[in-house]
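Peer 1: Attaching a single structure in structure tokens format; questions to follow.
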Amino acid sequence: MSERKVLNKYFPPDFDPSLIPRRRGPKNSQQVVRLMAPFSMRCNTCGEYIYKGKKFNARKETVDGEDYYGIKIFRFYIKCTLCSAEITFKTDPKNTDYTAEHGASRNFEPWRDEKQVEEDDRLARLEEEENNPMKALENRTVDAKREMDILDALQDIQDLETEEDQRRREEEEADEKLVREVFSKVSMPAPPAGQSSSSQPEASTSQPVTLKRKAGEIEPDLYSLLPESTRELIDSKATTSVAPLAKKSKPDLKSKLGIKVAKKGKVAV
């Protein structure tokens, strides 16, 4: 299993790649590719429907003698899922689509007809204008009226946006004016004794005003800062004294069990 992961191969010292003969395949060789059906189709042999997105192992080849402004056109061969009949379709670079060629017919797609109808109407209108000058003049008049209506609608939208911008600008100016009036009423602190008011620059009025609170001479006690209920609780606990618990004496288990311990006499020296 490890051999399939080998990246480096051994080349003998006398290896000469120029001696290897070149392989020349046919110019229009077919290549096996995996693809999905680009459109829904119906088999002409058995009538089986093949829906868009069905996967096939197809054969691809380049169409000889056909191109679109130098873009190659490819042909694909697939087999019907029911009768295995051969179905071919080609690429269509002009419409960025595919065209059914042999063995199947493309199903009806209404959105493709709408585009075709629009294109046919445009071509018919151009042809009619070439043959009838009065019709061309009427069409130009209708187009000019439509353009004027569109420009009027755009002008109305721009006017609404301009009015909205003006109203927003007026509201911002009113807010700024109110803020200036409020801050202009704030009184400045008096200058110190040794300094005249004329010596201060006028720009000092724009500086922020900082108010400081003078601390008292005596610092308050922590007990005085406590609420009344907390102080009463502390006073009640301080007045009540708890009596110490009496130490329990251990019962004499030896006398209860009838065990007598013999006392050792002193040994005379």
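Glycine is treated like the rest: Cβ placed from N, Cα and C.
According to TrEMBL, the record shows the following:
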- Cys43, Cys46, Cys80, Cys83: Zn(2+) binding site (BINDING)
- 161-223: region 'Disordered' (REGION)
- 165-183: compositional bias 'Basic and acidic residues' (COMPBIAS)
- 193-208: compositional bias 'Low complexity' (COMPBIAS)
Peer 1: Just how many other Cβ atoms lie inside 10 Å of the Cβ on Cys43 (Zn(2+) binding site)?
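Peer 2: Cys43 (Zn(2+) binding site): 20 neighbouring Cβ atoms within 10 Å.
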Peer 1: Residues near the Zn(2+) site, Cys43, Cys46, Cys80, Cys83 excluded, by Cβ within 8 Å of the Cβ center?
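Peer 2: Those within range, site residues removed, are Asn44, Thr45, Gly47, Glu48, Thr81, Leu82, Ser84, Ala85.
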Peer 1: Here are some binding-site residues: Cys46, Cys80, Cys83. Which one has the most Cβ atoms within 10 Å of its Cβ?
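Peer 2: Of the binding-site residues Cys46, Cys80, Cys83, the highest Cβ count within 10 Å belongs to Cys80.
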